[in-house]
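Inspection log for the structure reproduced underneath, given as structure tokens.
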Ligand SMILES: NC(=O)C1=CN([C@@H]2O[C@H](COP(=O)(O)OP(=O)(O)OC[C@H]3O[C@@H](n4cnc5c(N)ncnc54)[C@H](O)[C@@H]3O)[C@@H](O)[C@H]2O)C=CC1
Ligand SMILES: O=C(O)C1=N[C@H](C(=O)O)C[C@H](O)C1
């Protein structure tokens, strides 16, 4: 397999560090640069706690992509930064894998159009964990038979976006097979604002943020005298890495935007 030259944005983050370890142990991956909020001019190996990789750190993705030959940008930053980075990569004709979450439906549509126009492979993966992808697919299957569904997503308390990218993607998949339906009592009202969570086409989404959690989601389906729960738990961030590897390998072969690893997992 040809070597894939990767730049990681967000190398000191919880996901970024794991991604550096993945690159270090994967023979056909090479870290050629990193983009950080600080530490410009240093090497990754200069930073305490990071793998000993001699890749230069940039504070500006534009400069990085002008100076370094990069095959794939792997973005694991924050919602605002990730959205900028994907467009900068497109301008440079560089493929990207975006693990960063927080994209709205409109932003995804705009990005799809931009990636198509540029003809540059781009993967947005709201969740890299294979189990989470299956959980979403199982939920999509179940939604054909159960129209009443609520999502509870649970994450660590440092997460910036709510609902999670996984919950947004799950709703997207369920909506593809389920007609909009108002759930609950027709006259229900919230005595406390937010008590019923967020709502899309009648699907309620509840976001829990607590220290100690990593990434978890339950999709609850209710029917006459029965309930089906589909649940996935990530207990560490290694759980995401096989999906990161698959996305980086696959983005080398696709044109335009792929939104969600369920589109590339057989
Ligand atoms: N797709 C998936 O499977 C997963 C996605 N995520 C998403 O990935 C993103 C990162 O998550 P975590 O690693 O937990 O967050 P984190 O907060 O630990 O890391 C984010 C990193 O981005 C860096 N950063 C901020 N501004 C930057 C800039 N201008 N340039 C370069 N780096 C910058 C921060 O310094 C920080 O090190 C989030 O959006 C999260 O929702 C997280 C886990 C799994
Ligand atoms: O911020 C996180 O941690 C996670 N973010 C992604 C999301 O928003 O769904 C994926 C996973 O749930 C972990």
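Heads up, the Cβ atoms here are built off N, Cα and C, so glycines get one too.
TrEMBL names 10, 11, 12, 13, 14, 15, 99, 100, 101, 125, 126, 127, 128 for binding NAD(+). Of 36, 110, 148, the residue it gives for the same site is 36. Checked against residue 10 (NAD(+) binding site), the binding-site residues 37, 156, 166 differ in C-alpha distance, with 37 being the nearest. Each of the recorded positions 14, 36, 37, 127, 155 was ranked by the number of other C-beta atoms within 10 Å, and first place falls to 127. Among the residues 10, 11, 12, 13, 14, 15, 36, 99, 100, 101, 125, 126, 127, 128 said to bind NAD(+), no two Cα atoms are farther apart than 22 Å. For residue 159 (active site, proton donor), the same-chain residues that are 6 or more apart in sequence and have a Cβ closer than 8 Å to its Cβ are 209. Annotation for residue 12 (NAD(+) binding site): same-chain Cβ neighbours under 8 Å, separated by at least 6 residues, are 36, 39, 47, 50.
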